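Have a look at the structure below, then the notes.
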Amino acid sequence: MKKSHVKRYQDRRVPFTYALVDLCTPAILLLLSFGLFSQGAWSHEYNWMMLLSGVFYATCIGVQGGYSRYNNRSFSDRLAITFKTWFFNVFFLLVLLFIYLSELDFDRIVTAIWVVFTPFFIMAIKLAIQHYSRRYAQTKIQVAVLGRHYEFNEFEYAMLEQQGVELTYFSLKDQGDIETNIMKVSPDYLLLNLEAPATNQLIKELTHLDLKGVRLIVLHRFMETFLRKCYIPYDGEDLSYLEKVRPYTLRNFILKRAIDWLAIIGIGVLCSPLMLYAVLKIKLQSPGSTLFTQSRVGLGGKNFTAIKFRSMHENAHFNPYTQKEDPRIFPFGHVMRKFRIDELPQLWNVLRKDMHLVGPRTEWDILVENYEKEIPYYHERHLVRPGISGWAQVCYPYGANLEDARQKLMYDLYYIKHWSIWLEMETLLRTVVVVLGRKGL
């Protein structure tokens, strides 16, 4: 039996702290908004809003399991629950006040500021609590692994460490009763990675464990829940769990194009001086064309011409992968790559519908040809348009070999399978964090 140690996650006090945040933050922010932005007198409507908003909101979050000690919701799921619940809460509160009060007298500007900014503050406070609780908490999520020994890589271990997951490995060949051995570690989850169909005796023991409160989970589900990637084994034949990896629905496509247009207008206007500066620096440091074009594979496996600022000297020796401290990159090229400035011309590709703002990374057609031969399901990433930024890019470092391409594919497939406006927002937030050189959310 092998045991891997990771940091502890949250203790029992964290959900209670979350409840206090949900209960008190709306009232505190209403007071602050009124004090900073109102020029009128305090009205009794504000008293009711202070009293009821936090109570209603905390109750709704609690009903949805928001204060469970074993809440493994992703950041995007928590983002969705926070905003949806808050705006439903505000709507319900205003309707209630309209029904029971003869007239409503409150400052619309103060109320609008309060309504818009409260969910952001709630999320920020909870993230701060989560960050510090991971340092000092005294409990772990215990996961017993039964079957083949899966070797998690360093990035997978880092993500499990962030969530306070402790893994304990068991083999079907271990001496003694499997159920008894597993219950010695009192696991929260039993991760099944079996090589062959379970025997009747094993099914019986797994059933007993399930009845004792141990949650059974298979490897691909564990990957999606804790690591937020779709598992692609080297020798896997049954990949039926990837059936839900499909193109965007019409509604989701419209939402993504709306985000694309906002990005084209907003980033284009804000970054136009930066792009002009980049053009001048490239001309000064490396004579030749300012832009770099390359054939990339897009939607449906069709090629298109991607446009970027050139970050390498022209006529540099051929190598499909960029290395650390690559001599082909001129000084300002390193700066552009670090802060993703070289990607800005791809807004033109977004405008032309070759790309989205967020999606799987665009890959060189020469590399794609090899990847599709070597990596199962690689072609599935072409079900959607590629993006300037993407889930794989913010979750995994720059790839330099076939294994990196396989790892990134897992994140790409997760993004496609689980796409929502909230996952899009999380990806964009993580992109900002990565560009600023900080750790992920």
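Including glycine, each Cβ sits where the backbone N, Cα and C put it.
According to TrEMBL, the feature transmembrane segment maps to 20-42 (among others).
Taken from TrEMBL, the feature transmembrane segment applies to 48-67 (among others). For the transmembrane segment (48-67), same-chain residues at least 6 beyond its ends with a Cβ under 8 Å from one of its own Cβ atoms are 15-16, 18-19, 22-27, 30-31, 81, 85-86, 88-90, 92-93, 96-97, 101, 106.
The transmembrane segment annotation in TrEMBL covers 79-102 (among others). Proximity of distant same-chain residues to the transmembrane segment (79-102), defined by a Cβ-Cβ separation under 8 Å and at least 6 residues beyond the stretch ends, is recorded for 45, 48-49, 52-53, 56-57, 60-61, 64, 66, 73, 115, 118-119, 122-123, 420, 422, 425-426.
Taken from TrEMBL, the feature transmembrane segment applies to 108-129 (among others). Listed as Cβ neighbours of the transmembrane segment (108-129) (distance under 8 Å, sequence separation of 6 or more from its ends, same chain) are residues 14, 17-18, 21-22, 25-26, 29-30, 33-34, 37-38, 78-79, 82-83, 86-87, 90, 441.
Under the heading domain 'Bacterial sugar transferase', TrEMBL lists 256-436.
According to TrEMBL, the transmembrane segment annotation covers 261-280 (among others).
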Integer mean pLDDT for the domain 'Bacterial sugar transferase' (256-436): 90
